[in-house]
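J.: Sending over a structure as structure tokens; questions will come in a sec.
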């Protein structure tokens, strides 16, 4: 009879420990569930809020003074070759 009581106590403790473990895991998982931030400093608490596209290069059509100067798409230039002796400008 005492062996049965010890087994019941062991099962009760095991179930209690597993419930505590699962509740801790659920608390940690709640931190990750939600809408991720798309940009730095964005608050995504309202998922139906209108999302404006990020300004590319900090350029605003209303304030063209904030636009950065345009750069060539590929500024790479080939170096001097022995055969041309750096005489041509590409």
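Using N, Cα and C of the backbone, Cβ positions are placed for all residues, glycine too.
So Swiss-Prot has the following annotated:
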- 59-67: disulfide bond (DISULFID)
- 80-86: disulfide bond (DISULFID)
- 1-29: signal peptide (SIGNAL)
J.: Taking 10 A as the limit, how many CB atoms besides its own sit near the CB of residue 86 (disulfide bond)?
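T.: By my count, 9.
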J.: How many Å separate the Cα atoms of residue 80 (disulfide bond) and residue 67 (disulfide bond)?
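T.: Cα to Cα, residue 80 (disulfide bond) and residue 67 (disulfide bond) are separated by 35 Å.
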J.: For residue 80 (disulfide bond), just count the other CB atoms lying within 10 A of its CB, please.
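T.: A count of 10.
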J.: Between residue 86 (disulfide bond) and residue 67 (disulfide bond), how many Å separate their Cα atoms?
T.: 36
J.: Which of the three DSSP-derived classes (helix, strand, coil) applies to residue 86 (disulfide bond)?
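T.: Where residue 86 (disulfide bond) sits, the three-state DSSP reduction gives coil.
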